[in-house]
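Trainee: Just passing along the structure, written as structure tokens.
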Amino acid sequence: MVKRASIIAVLVLSLISSCYGQVTVGYYNNKCGTKDVESIIRGVVSTRFSYEGAIVAFLLRLQFHDCLGDKQCDASLLLAGPGSEQTAVPNFTVKGFDLIDAIKAALEQECPGVVSCSDIIAAATRDAVVLAGGSYYDVPMGRKDGLVGLASNVDLPPPDISVASAIQYYGKVGFSALETVVLLGGHTVGVTHCSVIKDRLYNYKGTQSADPDLDAFYVFFLGNIICHNDPNAVDMFVFLDSPDSVLTVDNSYYKMLLNHKGILPIDNAIAFDPSTSGYVNDLANNNDYFLDLFGKTIVKMGLIGVLTGNQGEIRQVCSKTN
């Protein structure tokens, strides 16, 4: 299966490296005096990661929501205020804004007005992925920051989306079924809340019992130890990957799926739907294969609707336009 999927991946992903346009690898070389822009970003991310490993999950989600929320990787999600993207329901729990602000401040001190907030998101996410065990990937840069970020423009797939609808959603921005499965691999460091999955644990489709597709022991563990069928209970976090691997970027997420431990409905569905199950098996059986595809697919996501040249601006502060 790996050989089959590898051939598909080469055909689909080989297009990425030659289609950057005005967004290029090494864009900031010699643009910040003697300072290396990517080293500055990496330094701030490394410091944060040293005491908060969960920052990798925050940044992956932030980049995902920025790029796919309004189909533009333009840092519009960073804009704050009434009616902003941050006020849209899917973005209520997005974190990492303070880290982006810290990186921006460090760069403004060295070379004011040079590095966009949207490029910071892409580079910082890559650095966190590498620190968490992922493979290094080059990040093409040269993006400009968007001028508009509206909650009304946010369109993100729900956790109970069907496989067919997920493939259609991602297909609209150029992703194949394989790349859709790879993007969902970001759940390797993801979390959700008990409130999101309570129906699967206690009242699946009105049956007053758990989803039969979930492993019985896992249902007991989640339903009685982590979550509780009580409206007054604290809405606890639930790891989307194995607890012993939740802060590591690896393929253990796919292994969980094959063992009927996919937390979100879409996680469980891709493991057994005929259109995606083969990809899940391939990725579960080869960590290097997953890491390679994951980096390439994140790069591709980071190129959705980018602004370059005279489009947009380079914000002085990431939370507001100039």
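The backbone N, Cα and C atoms fix where each Cβ goes, and this holds for glycine too.
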Trainee: So, in TrEMBL, which cysteine from Cys32, Cys73 is disulfide-paired with Cys67?
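Mentor: That record, TrEMBL, gives the partner as Cys73.
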Trainee: In TrEMBL, Cys227 sits in a disulfide bond; tell me which of Cys194, Cys318 is on the other end.
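Mentor: The record-listed partner cysteine is Cys194.
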Trainee: What does TrEMBL give as the disulfide partner of Cys32, choosing from Cys19, Cys111?
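Mentor: Candidates were Cys19, Cys111; TrEMBL matches Cys32 with Cys111.
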Trainee: List, in sequence order, the residues of the same chain other than Thr188, Asp241, Asp250 whose Cβ lies within 8 Å of the centroid of the Cβ atoms of the recorded Ca(2+) 2 site.
Mentor: Gly185, His187, Val189, Ser242, Ser245, Val246, Thr248, Val249, Asn251, Ser252, Tyr253
Trainee: Among the binding-site residues listed here, Asp241, Asp250, whose Cβ has the fewest other Cβ atoms inside 10 Å?
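Mentor: Looking at the binding-site residues Asp241, Asp250, the Cβ with the fewest others within 10 Å is that of Asp250.
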Trainee: Could you work out which of the recorded positions (His65, His187) has its C-beta surrounded by the smallest number of other C-beta atoms within 10 A?
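Mentor: Each of the recorded positions His65, His187 was scored by Cβ atoms within 10 Å; lowest is His65.
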Trainee: Please report the number of other Cβ atoms within 10 Å of the Cβ of Thr188 (Ca(2+) 2 binding site).
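Mentor: That number is 30.
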